[in-house]
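To start, the structure under review is shown below, and the notes come after it.
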Amino acid sequence: MSSREWEKVLWKKHPYPDNYIPHTFLSSLRKNTNFKPYTYWPLVLAACSITQHLSTVFIFLATFIRIYDGSWDPRYLVWSSVAIFLLGYVIWEVLEYKTLGYLVKHADRAKTFKSSILVFLALMALSPVLRTLTAATSSDSIWALAACLFILNVLLADYGSLRPYGHTRDRLTSVLSMNAAISSSVVLASRLRDDLSVFALILFSVQLFALYPLVRTRLQVTDAFTYASITIFLPALSIYLHSSPTNIITLILGIVLVFITFVAPALLLWAQSYKNEIRGPWDVAVPQINTADH
Amino acid sequence: MDPLRIAMICDFFHPNVGGVENHIYMLSAELIRRGHKVVVITHSHPPDRVGVRWILPGLKVYYIPFPTIASSATLPNFFTFLPYLRSILLRERITLVHGHASLSSLAHEGILHAHHMGVRTVFTDHSLFGFDDAASILTNKLLEGALCNVDGVICVSHTGRENTVLRAGYRFESKSAEVSSKRKFDPTIWHVIPNALVTEKFKPTLDRVADNTVTVVVLSRLAYRKGIDLLVATAPRICELFPNVRFVIGGDGPKLIDLLQMREKYLLQDQIILRGPVRHSDVRSVLAEGSIFLNTSLTESFGIAILEAACAGLYVVSTRVGGVPEVLPADMISFAHPEEDDVIRAMSEAIKIVSEGRHDPLSAHERVKSFYNWRDVAERTEHVYAGVMNSVPMTLYERIQRNLELGPYFGLIFVVILVVDCFFFQILEWTMPREDIDYVEFDWEQEKFEKVAREETMQAQEESSQRDSRDSDGGVRGF
């Protein structure tokens, strides 16, 4: 064999056999180049949005059960919904001020109130229709349907946080998720006895499933402390509300919430040690195009 | 070496056209020329391309009636090919199976079944795959299963070999191959043999009109993977920088609309000419128009188009991806990173070299001619065959062990497939006994064919001359 150095070229005739494996073999192999090791507490904080979402679903279910068996007066629910809405709106405006740096314009504020009053009145007008919507369907089907829709809602919900200064458009899945939750509350509300209960429940569901996620995504980026304390409050409330009917549900709910908040991030951390991402010259390159002048 | 009886197995073959198809055909033709016997087994193309066909120069093609799923690939089903394959291998007395292309499930199946009949196996991989998308993960798993049964592997470039070794599931603790991998890695079966081209078909034109126009040729499928986005971004800037540059773009694909929009937006109708789809036989005539060939591909395992262009005397500008850097010496090609600004830098460099006359098309052609030819490829492939034929075949127990090493779940699945395959083969031996098979007694003999053909033409000429004389006599016309 000649002393000529082996080269990684095909056009040159070299004295090495075709199955010669040079010492540089796989030298361009890169492992885990984009590897970012996670740390535990930020993961827990990120998992909080899942915990919160699950808690809101269970708070809603507990409320439904209480209205359904008549232990709560729907009028109180209407008033508390209104109060939650006003409180939520104040928080939202504070958060907007914090992220964007300027106050919401007076005209925008008026517009928000006008549309919320419209939704309020529309729901009130629609509640007799919604009450009799599924009169011909048996309750068992409704429970199953509502469960399916809530599972869909939990699976598809957008748990990400809002990018600072980036108003990202809603993805299709998060829109689907919200629709699933509202449909589920509509079918559940149609089991109730009087129009006021139907109205109260749907109003409450709009607060929880349509408006609260908006506040949550903003909260997640601005204030970790408030966010964490809300994450303690919501699951605690959901467990408290469920503690009276049956104990087994409380237990399952508690275990699920603890698992998602504390155990699942640890599992992800552990699984990351098995990460083995291979990169090399054979990967499809990503073309870099200057977008500024197009 | 002793003449072999080789079966090339691939989903991709004539009447489809492409790099793999052409490779199989050229390699088979060259092997026949060297005295071997070659048959090709592929799937049928109903309604007319079915059954057994002969292709010049004496290449027999079996078209198996399998339906295709997408892009002319058949569904990987592991067993249905065995009855066909057994009959063909036995009746043709095949001694070696050569599978091509990692997306061809026929090739994988051929490698899985061949050992029943004591036939040795070689596999050629033509493409590069990533590791991070669902399609790659699935096809890589299938390849892993096929390659643990194979006796020899050929890749078309060094980068391709590294990629295939990794895709076959070998993981190395350190970056060097000498350090042991988790599974037993036998380096002697992994070969690199490049593609080649018929240099006579790509001769540079000499009668070019001497003006200062520099024509840039782009010939590719207009798809994302071919980097057409880069072309769309850079072409108007190059046209602006060099008003004497003209683009000739050939090819068709989903990105054609982007190119048309770009041309419309920058009003470059007289500087950018779109040729639409170009047939392989017309490639040379398109290449002949230009002096620079631009390839913006984002992934490429060998880049035969680059070679064809270089052979036709064009200076090549290409993105530095995959196996492209191995194909040509540095003074015949300019490399760019797949970035807009860098492509423009490389193009400016190339335009300067070409317009100063520093690139000689004729010497480029001669050099490519000395680098690549099919005879060389066939000779090197023969060496691989010889090595495989001289090696000790794996026993069934060894095969089962190697399959088990693939992994706790996947390995078990493959062992089950292997064992079921053995039973299936025994059932076939019983229901279709070997003595009932219609063995091929006569092979194609080129000399005999030429003799018969000569006689036939002479006879025909005689007849026609007789007829002509009768016609001139005013005799009876028409048959």
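Along the chain as shown, the residues are counted starting at 1.
Note that Cβ sites are derived from N, Cα and C of the backbone, with glycine treated the same way.
Listed features, source TrEMBL:
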{"type": "TRANSMEM", "residues": "A:40-64", "note": "transmembrane segment"}
{"type": "TRANSMEM", "residues": "A:76-95", "note": "transmembrane segment"}
{"type": "TRANSMEM", "residues": "A:116-136", "note": "transmembrane segment"}
{"type": "TRANSMEM", "residues": "A:142-160", "note": "transmembrane segment"}
{"type": "TRANSMEM", "residues": "A:172-190", "note": "transmembrane segment"}
{"type": "TRANSMEM", "residues": "A:196-215", "note": "transmembrane segment"}
{"type": "TRANSMEM", "residues": "A:224-242", "note": "transmembrane segment"}
{"type": "TRANSMEM", "residues": "A:248-271", "note": "transmembrane segment"}
Range from A:40-64, A:76-95, A:172-190, A:224-242, A:248-271 with most C-beta pairs under 8 A to the transmembrane segment (A:116-136):
A:172-190
Which sequence-distant residues neighbour the transmembrane segment (A:248-271)? Criterion: at least 6 residues beyond either end, Cβ under 8 Å.
38, 40, 43-44, 46-48, 50-51, 54-55, 58, 231, 235, 238-239, 242
Select the range from A:76-95, A:142-160, A:172-190, A:196-215, A:224-242 that forms the most Cβ-Cβ pairs under 8 Å with the transmembrane segment (A:40-64).
A:224-242
With an 8 Å cut-off on Cβ pairs and a sequence gap of 6 or more, do the transmembrane segment (A:76-95) and the transmembrane segment (A:196-215) reach 3 or more such pairs?
yes
Could you tell me what the rest of the chain brings near the transmembrane segment (A:172-190), counting residues at least six beyond its ends with Cβ under 8 Å?
57, 60, 64, 130-135, 142, 145-146, 149-150, 152-158, 197-198, 201-202, 205-206, 208-210, 213
